[in-house]
Each structure stands twice: as structure tokens, then as C-alpha cells.
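**Student:** Here you go, one structure.
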Amino acid sequence: MHKASTIREDGLYHSFCGLVSVGWLYQKIKDSFFLILGTHTCAHLLQNTLGVMIFARPRFAVSLLEESDLSSSQPDISAQIEEIKREHHPSVIFLLSSCTPEVMKVEFEGLAASVSTPEVPVLFVPASGLDYTFSQSEDSVLQALIPFCPPAPPEDKRVVFLGSVNDAIADDFSLEAARLGIPVAGFLPASHFHELPPIGPGTIVAPLQPYLHKTATQLRNERGCTILSSLFPLGPDGTRRFWEDLAAHFDIKVDLSDREAAAWERIKRHTDLLRGKKIFFASDTLMELPLARFLKACGAEVVECSTPYINRRFHAAELAALEGVRLVEQANFHRQLQTIAETKPDLIISNIITTNPLVGQGTVAKWGTEYCFLPIHGWAGVNALVTSFTRALERHAKLDPLGSDPIWLTGIMPGAPGGVISLQS
């Protein structure tokens, strides 16, 4: 086995808009409202991707830029802000940037400050697809919340769980911490704006998501807290390591080997199906490293794990666990197609742009974006995590062969040799 080698190529840093993170964040922060300054394209993206109809009155909206706004120094959103306060009564409003106003050089911080009040702060969140990948917008939202977290004295030694998870998973983490005797200060983000946890020099911040390194770094620099360095709590292996490492920070020695073994036993039917299968990661959610590590622990062969970027400090434990796996940053998709044709993986975790073309080539492919919405963390999420992979394999096994006609790629990838790369033998 060789050590995990990291290769950086010349592909896209991001390929799916970070504005979609609104889909899980507005549900997590229940007294919030997300206002996106964007175009009709942004509105169509959110409508089609999140599938939330206007009459459902979701707590997010798009303030549309019109042609008249192109000649003004700053767009005026005061009327929309007042309407949001009147109809939704939020405790906090997040103002998200998008590509077009970024190009127009809209001064977002000044715009947010001009409509912010002490009663209902309006916080600027940089989320443009020009600078941020799919899941990184959550990192920006949490950075905006840091100033509103109360300071904690040095003697207040408790854990703050960092990252958005649904209420059932959050309850599972709170119960597990109580079972192990670990004191909990709260979650960032909290379910309500005024419930943000106190953070100070004695706080242990435990990241739940692998795409929050900027928030973690800012908390360490500004509040002097300790950032837990461990595997992310995905799968029995990651969850055991996460809790054992976290407990050690509180001088609590625990051995969760029996708990891990029991979790593996419960999903044995699924791990038997995954064992020996070749898995290829070509997605862009920044969830790829812990997902690949989990599949490796299941006995699958991870042919390649590509991800937009790797932070060697924040992802250190995951990198150590991925020894022997080819890791690629900013992967070149044409090169990946060649590798896929050569290695013939059993399952490809791909981004939302390339999944349908790959399926059209007869491969088994699934969206990587799903993993930002699924309840897959901790002991409670183990079954949802493993079945997300095996369902795709089992469903494909029931289908008739799709044939070898590369209908999805014909004429739409002129950069590829011959216009099309066939993945069939």
C-alpha cells in the first residue's frame, strides 16, 4: 500500500451553485430568512432544484436584478426587507450574493448594513458561484453568525457541534454526549438565532461537516477555542473515532469498539454487497473524503476520490485513513472519463452536471449532492448512509442493459477526443 497521494489538475473548482445550500439552512435555522440578490436564473435554479412552490411561502426569496439596476450604484432592497419582516417575522435575515451582482461590484456589506437593525440584523453572506462551491455557502453563513455567539469564560469547558444537521440527528448527538458524560454548549448553527452557543477559550469545537474549515479557523483565531481533529462522524468507523477523540478532550476514556462492531453487524447485508465493488468519486460537494473513507472501510475499492479542494490540516485524519487511495483536487473531467473507461467502476458518485450523461453511457451513477441533504451522521445515520450506495447498485441490477449508444454526450463535449468518449467495452 502506498500513502495517499494528492494530485491537483486543471478542472473546475466548483460546478454547482452554492445558493442551493439555502435548501437545508432555512429549515435548520427556523427563525431565519434568506434573501438572494440575483437574476431570473437564480430564481429558476432554486425553484427547480429545491422543488418548493411559491404558495408554500418558504423562508427564502430572490430579489431580482432588472436592467434598470445595471445603471445604479447600489440596488435598493429596503422595500423587500420590510415586506419580509411584515410577512415572516424573522429574527435574522441573510443577504446572499450571486454571480451577476458580484460582477457588477455591488458593495454587499454596505448594502446589508443599510437595512440592518439591532432587532433584526441583516447579515451579508458571500455565496457567489464564482468563488464558492456547492456546500461552502454554509461555511459563509456560519462565519456571519460568529459575532452573535456569546463569549464564554475560559473555565466553561463544553463542546459545540459545528455544522448543520437535522433535528433528529442533533438529538442523537446530544443524547450520545450525555451518555458519555460530555457537556454540550450547543450547535452552530442553532435551531433559533437567539440560541447560539457561547464560545470561548475552553470550548471544544467538534466539526460535523468536512466543508467548514473557514469557520473553524475563525473560531480558533478569534475565540481561542480548540478544534477537534478527528474523523468526521460518518459510518461506524468515523463515528467511533469521533466520539473517542472528543471524549479524550474531557479526560474521559471510552472504548466504543463493541458499539462499532454492532453497527457494522446491523448493516452486514449492505457491506457484503459493497465489498470488492469499484467506486469512483467525481462529485463536488466536499463530502467526498469521509464518504470514500467509509466505503474503503466497507471493503469497497475506491478507484479515485476527486474533490474540489483538500485542506491538509482540517482533513488530516481523513487523509491518513485514505492511505492507498488516489486523491485528486479540481479533477479534469475528460481525464476522468478516460479513467472510468479503463477501470469500469461499479458505481460513480458524480456531480449534478455529469450524472445523466454518465447514466446515458450505461454506468451506475448517482448525485453526490444528495449527501448534503441526507441524515447520515452519527450512529443514527449509519443505515441511511450505507443504503444510499447499495440502493443505486440494487436498482441498476433490476434494469435492462441500457445499451452502448452514447446518446447523452453526442455533440455536447467538443473538447473530448472525437467529441465523445464511450465507456462501453
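Cβ from N, Cα, C; glycine included.
Annotations in TrEMBL come from automatic prediction, not curation.
The domain 'Nitrogenase/oxidoreductase component 1' annotation in TrEMBL covers 17-393. What TrEMBL records for Cys17, Cys42, Cys99 is [4Fe-4S] cluster binding site.
For the listed features, I'd like the structural context: burial, neighbours, distances.
**Tutor:** In this model, the domain 'Nitrogenase/oxidoreductase component 1' (17-393) carries an average pLDDT of 92.
In the three-state DSSP reading, Cys99 ([4Fe-4S] cluster binding site) counts as helix.
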**Student:** Other residues near the [4Fe-4S] cluster site, CB within 8 A of the CB centroid of Cys17, Cys42, Cys99?
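**Tutor:** Going along the sequence, the neighbours come out as Leu19, Ile36, Gly38, Thr39, Thr41, Leu45, Ser98, Thr100, Ser128, Gly129.
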**Student:** Show which residues of the chain containing Cys17 ([4Fe-4S] cluster binding site), separated from it by at least 6 in sequence, have their CB under 8 Å from its CB.
**Tutor:** Cys42, Leu45, Ser98, Gly129, Phe134
**Student:** Taking the Cβ of Cys99 ([4Fe-4S] cluster binding site) as centre, how many other Cβ atoms lie within 10 Å?
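**Tutor:** Summing over all protein chains shown, Cys99 ([4Fe-4S] cluster binding site) has 18 other Cβ atoms within 10 Å.
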